Amino acid sequence: TRRNDKGEVEVLVKWKDLPAFENSWELVDKLSTACAEAEVEEREIGF
């Protein structure tokens, strides 16, 4: 983990099925929101 220039927490993400050079720093807040939205979507479509 690290903090960006704005003081926001970022994590280094290793994307499934992609090579290491595609790894990227992502904001924790955005990942948390994206995960929550995906869980809701899965429940709505019955996964």
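Cβ from N, Cα, C; glycine included.
Lifted from TrEMBL, the feature list:
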| type | residues | note |
| --- | --- | --- |
| DOMAIN | 1-47 | domain 'Chromo' |
What does DSSP give as the helix, strand and coil breakdown of the domain 'Chromo' (1-47)? 21 helix, 11 strand, 15 coil
Mean pLDDT across the domain 'Chromo' (1-47) comes out at 86
